[in-house]
Structures are given as structure tokens and as C-alpha cells.
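According to TrEMBL, the features are:
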type	residues	note
REGION	486-506	region 'Disordered'
TRANSMEM	12-41	transmembrane segment
TRANSMEM	62-85	transmembrane segment
TRANSMEM	91-115	transmembrane segment
TRANSMEM	135-154	transmembrane segment
TRANSMEM	174-193	transmembrane segment
TRANSMEM	205-225	transmembrane segment
TRANSMEM	231-254	transmembrane segment
TRANSMEM	295-316	transmembrane segment
TRANSMEM	355-375	transmembrane segment
TRANSMEM	395-416	transmembrane segment
TRANSMEM	422-442	transmembrane segment
């Protein structure tokens, strides 16, 4: 079975997806005039808009929920596998993909907000919703929803559970079956508690775990400060093909850097669109900016932290793209994964290092599993919007819990391959969709910038922005205006007419 799965992975993760991911990120960076760079300070300020409602979670909760999905084992074990197959240069290309991916994340999250709906008393939205309402392709939207449900409900949860079990066995000698049972019980308590419980857990756990991991990186680098300049030089030379050892695997470095960046930050894959749509904001662009910022935290900060710790301590091997011949082998016999990070941390924290990384892995992976379930549930709600079959959500809960438990005791390579199939499939579908939906996303951005220039807190009115099929926002904008937020209706009407005329010309 593993051989068949690996063959499928090879087809999905060929050059086409690598070029598509980089190309779409570059296109949106240019189309938005570098929105992910221009509004960096604004992104941080928007996190303070901590307003929730009975229908939607706060911007900060949506940020943490999305970040909980992004920051997972891909940030620890995934970085190690990228170095193992692509060499140190893979870290450089992960960062490049993260910077470009910020624009893709902005577009998809803005679209998720524009086309969100009310369902079972909560805001719901995501890639299937904007494909149906924006592209007006309901059959394609149903296919996308089914693929996402299969991916997040079955294919990708296993690697998170597997990595938790592996790290706990290494650090505490706890059998995988026991770890799997504990994780499954905790996950059951959360998912049977509903979306609000998941979001509440995420906004408490995510900031703490990310900060602790960054502090640990600073301590490790500080303890090896003499090797730091040479390490950065090695990363750059390897990425550019100038290193004597790794210069011949530049293509592999690019491929694995992009591959693991997508696995980690899922920019363009549509993952964060579901939590983005659930946020209570006055303008879709606000949530788009917040989600672009989450890419920086995930890839530029956390992934880079893992890579730097592994490289500066020489706790890695490089077998180019699965080759049997090693270019370098500093830790013979140790497979790429959390063990490399545990060994790197242990160079400073000795016996406590392995346990610290295991706890970090648990928190990273567990919060990611929370986000995965929320996404899978949202696709079920989309496929059964009239809630005629409530048993479907119950079935999903039990299937998800079974997958979590089974993933804890299965082969790690099989779990990674299944995850790659899931993320790769979703990336193809969503990247193509958001390219065709770039027009409404860019219109929303122009509407936001126009109101910012007027010195008001932007409120989104789809009619003024010239965007169709966003009916929910007509009600939302009216509610904000009644609270005195945004441009007064009369003033907005006059300026809106001129703005609509300008949009028609575009």
C-alpha cells in the first residue's frame, strides 16, 4: 500500500504544483502591491479588535484557530524532512514561499469573509462557499468540499497523532497505543463541545506555545553563536547552488522547501478560509490581513526556528530526495523528524530537552487536530446546509477520533504520504479557484484602502464595492452603521456612486 501511496504523492507533488504555488503567490504579491508587506503594522493592530458575537468568533480567536492549524508537526518534523531531502537550502525556499504565500493567504481569507453565510446560528464559510457564490460553479464547489472533508477528516490527521506518539515514546518511553488513547479522549472532549470551545482552547494555547518555542530557539542559537554566521551562509549558498556539497540539489531544495512550506502554512490550500469566515469583523480585508500575518508566524518564525536549531547543532542527515546515498550524515541511523529537534535542544537543555520538545509537539499537533476537525465539520455543514442529516456530523466525529487513534500506531512514512496527498489535492483546486476569483478580492482591497484614506474604520458594503452574491454583508454593514461605525450612509452613498463608476471602468 505504501508504494502505491508514494507513487500518487510523486504525481501530485511534481514540478507543476511547486511552480503553481510560487507563481500564484508572486502574482498576488504584484496584484496587491505587496499587501503582506505594506500593512505589516496594521496586521498587528487588527489583532486587538477582540470583538466576538453570538454568530462569530473574535478576530484574535480566528487568528489563533487558523494558526493552530498552520503551526503543527510540519513546523518541527516537517522542517526536518525538508532538510533531509533538500539540504539546508530548503529552509531558504520555505521562507520565500512563506513570504509569497502571505499574499495568497490574504486573498483566500478575504474571499472567505466576502462570501460567508449564516448557518446553524454561526458564521460559516470557506473555499466551497466562495467557489459556489463567486465562481457560480456549484458542482465544482461540491467536489472541493468533498475533497476537503476527506483530507481533513481522514488523510491528514494521522501525521499529527503519529508525531505526538513518536515524540512521547522517545522522551518518556510511553507506548504509542497509550498516547493515542490519551489524545483521542482529549480530542473527543473538545469536538463534542462545539466550535466555541475549540476557538476558546486555541486562543489560550497557541500564543503560549509559539512564544515558548521562539524563546527556546533564541537560547539554542545564543549557545552556538559562533556557528550562526556560517550556518546562514550555508543556507544561502545551498539555496543558490553555490555550495560545494549541496550545490547539485538546488531543484530538490526548492521542491522540498515549497512542499513543506505548503504542508506547514497551507497558504493557498484553503485551510484558513474556514476559521477566517467565522470571524466577526467590519470588513473582509481585516481578516485577510490577519491571516497573512499568521503565515509569518508559522513559516518565517516557527519553521525557521526549527531549521536553525537543527542546522546550528549539526543534528541532521541529507539523503537527496530519498536517495540511499548520504551527502552528509551527522546523526547516523536517526530518521528525520522530531528526534532531530529533540537532539538539537538537548545540546543545551540535556535531559530536559527531549521532554520540552515533546510537550511542544503535543501542543502544536493537538491544536492542529482541533483546527482540522473544525474544517471537516464546516464542509459537512456546507454539503448538508438544510441540516436534514444531523447524523453526518456525529459520524464525522467518530471517524475523526478513530483516525486520530489509528494514526498514532501506524507507519510514520505512510502518514506523511497521506498528508501530502491531502494538502496537494486541496492546493491544486483552491489555487486555481482563487486566481479566477482575484477580481472581487482586489475590489474588496480597494474598497478598504479607499475608506482608510477617508480616516474612518472601514465597513464593507458589497454594493458599493461592486461585488455580487455577498448578501449577508448588506445586513452586517447596516448593523455597523447603526452603531455609528464607518462612513455615514448619506456620505457613503455619494462617494459610493463615484467609486462604483470607477470600478466599472476596471
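Glycine is no exception: its Cβ is also placed from the backbone N, Cα and C atoms.
Stretch with the most C-beta contacts under 8 angstroms to the transmembrane segment (135-154), considering only 12-41, 62-85, 231-254, 295-316, 355-375: 355-375. Comparison of 231-254, 295-316, 395-416, 422-442 by number of C-beta pairs under 8 angstroms to the transmembrane segment (12-41) places 422-442 first. If you look at the transmembrane segment (91-115), the same-chain residues 6 or more away from its ends with a CB under 8 A from one of its CBs are 21-22, 24-26, 28-29, 31-32, 34-36, 66, 79, 82-83, 125-127, 129-130, 133-134, 235-236, 238-239, 253-254, 256-258, 260-262, 264-265, 267-268, 270, 272-274, 276-277, 279, 281, 284-285, 287-296, 298-300, 303-304, 307-308, 311, 430-431, 434, 437-438, 440-441, 444-445, 460, 462, 467, 469-470, 473.
A contact links the transmembrane segment (395-416) to the transmembrane segment (174-193), because at least 3 Cβ pairs that are 6 or more residues apart lie under 8 A. The stretches the transmembrane segment (62-85) and the transmembrane segment (422-442) are not in mutual contact, being linked by fewer than three Cβ pairs under 8 Å (pairs 6 or more apart in sequence).
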